[in-house]
Amino acid sequence: MSNADQDSWSRVKERLRAEVGDDVYSSWFARMDLEGIEDGGVRLSVPTRFLKSWIQSHYAERVLACWQAQQPEVGRIELIVRSAVLKPAAPVVKKAEPMPAAVSNGSGAYAGINGNGHGRVSTVGDPGMHDALGGSPLDPRLTFESFVVGRSNTLAHAAAKQVAIARRNDPVMFNPLYIHAGVGLGKTHLLQAITWAGNAAGERKVLYLTAEKFMYGFVSALRTQTALAFKEALRGIGVLVIDDLQFLQGKSTQAEFCHTLNALIDAGRQVIIASDRPPSDLESLDDRVRSRLAGGLVVEMGTLGEELRLEILKARVLAARAHHPSFDVPLPVLSYIAKTVTHNGRDLEGALNRLLAHNKLTGHPVTLEMAEREVRDLIRPQEPKRVKIEDIQRIVARQYNVSRSDLLSSRRTANVVRPRQVAMYLAKTLTLRSLPEIGRRFGGRDHTTVLHAVRKIEGLVGNDVALAEEIEILKRQLQE
Ligand SMILES: Nc1ncnc2c1ncn2[C@@H]1O[C@H](COP(=O)(O)OP(=O)(O)OP(=O)(O)O)[C@@H](O)[C@H]1O
């Protein structure tokens, strides 16, 4: 793929993000990749069938229009589910297999292009329950053994370990455990590791479901009139693990999710959830669910630092060697990838897969030059930092020497009103949040109050040089 195509793709993504807003973008498009452009057609890939059908039915026209704004000659978009090259597709296991006591070969077996090396993806739990619920397939590579711990994920890893090894009658320490992180930073890995380890211990039944599976399970159970059995079976498990909660859609599914969550937590069962955003940002969920989710332990996993990226790469090479003994990647090459492929774990995996493929197919050794060529398109320009409303409130409060709760309060003294207006103005200009959403995040204010604040500050900065400078400094601090 040419650099020009990659450039267009970056611009299409920017345009799409601006049009649909940050939240919708990260829910549906963050994992969409460009596969190629040919004969006036653009081929895009997404990781799941669910994403594909959702984008196709809701956003196909819009994606095409964004492309045409960049390249008018583009006449059609083809959406595919990403091939199993990077992550072998899970064969559907009709009958639940018993869990192996030790699920990995100790190296977090990573076989790269030739499949997962085990040829098996197991489901968990007893067949009766799985007939009703259909636990999502687990990848045998995603275990605690293959999870590399670094500064950004220490807390999440420790909490996950703690939950995984807890015994049936141990007091539940954090419930729900809610892990959030950007795309490809290891949420699924950690959740599946908990599931493998929890089930291997045999103390409690651990069920791993993607939100998509939860929705489809529920909807199809409703269709076949077995909703009651579905709910009962779900409530009968020891630990419920739900991945990608941001995809939970639909009023009745959400209501059911809320009941299930309450029933499990009240019965002392463990619930573990992962999402790409904190509970407060799950705007489609109602307040009760959000506050229940925020009531346990909420842990954020940050971006993977260079050191951690290097360790992940080293672990991956070692694991790949279990299946491809001659595969050797010199340290300078690994360091180069760790330095330049910064985006997420999935890109690191992709980079190594390419080196492995190249090495296996051509027989040429892996060199720095080859790596530079192979991973070129995985080196993405730094995305501007996503500013959070909480950060705006914290930094503005510090600057004006008031507390964050002052900003959210109904106090109307001058020393609080101005900072609050500045903070609302920054929220409007630095984030893609709507006026009502900003109002909600500032102590439940009406959107007209936010609009008034934004206009007020806009009016003032034109004449008040000191204020304009102050705001510039705040912006810089927030975007650093
Ligand atoms: N700390 C880590 N140690 C080892 N591998 C990691 C780590 N973090 C991420 N990875 C790897 O990066 C890839 C992406 O991780 P994963 O699928 O868990 O991301 P995610 O956060 O669930 O992403 P998404 O938001 O797209 O669901 C996986 O191959 C995973 O094994």
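Glycine residues also receive a Cβ, built from the backbone N, Cα and C atoms like all the rest.
Feature list (source: TrEMBL):
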BINDING   G184, G186, K187, T188  ATP binding site
DOMAIN    173-299  domain 'AAA+ ATPase'
DOMAIN    388-457  domain 'Chromosomal replication initiator DnaA C-terminal'
REGION    1-83  region 'Domain I, interacts with DnaA modulators'
REGION    360-480  region 'Domain IV, binds dsDNA'
The one of G184, G186 whose CB sees the fewest other CB atoms within 10 Å, among these binding-site residues:
G184
In sequence order, which residues at least six apart in the same chain have a CB under 8 Å from the CB of K187 (ATP binding site)?
I179, H180, A181, D243, D244, A274, S275, D276, M301
What are the DSSP helix/strand/coil residue counts across the domain 'Chromosomal replication initiator DnaA C-terminal' (388-457)?
52 helix, 0 strand, 18 coil
Nonlocal neighbours by CB distance (under 8 Å) for T188 (ATP binding site), same chain, sequence gap 6 or more:
L142, D243, D244, A274
Could you tell me which three-state DSSP class G186 (ATP binding site) falls into?
coil
Other residues near the ATP site, CB within 8 A of the CB centroid of G184, G186, K187, T188?
A181, V183, L185, H189, L190, A274, M301, N344, G345
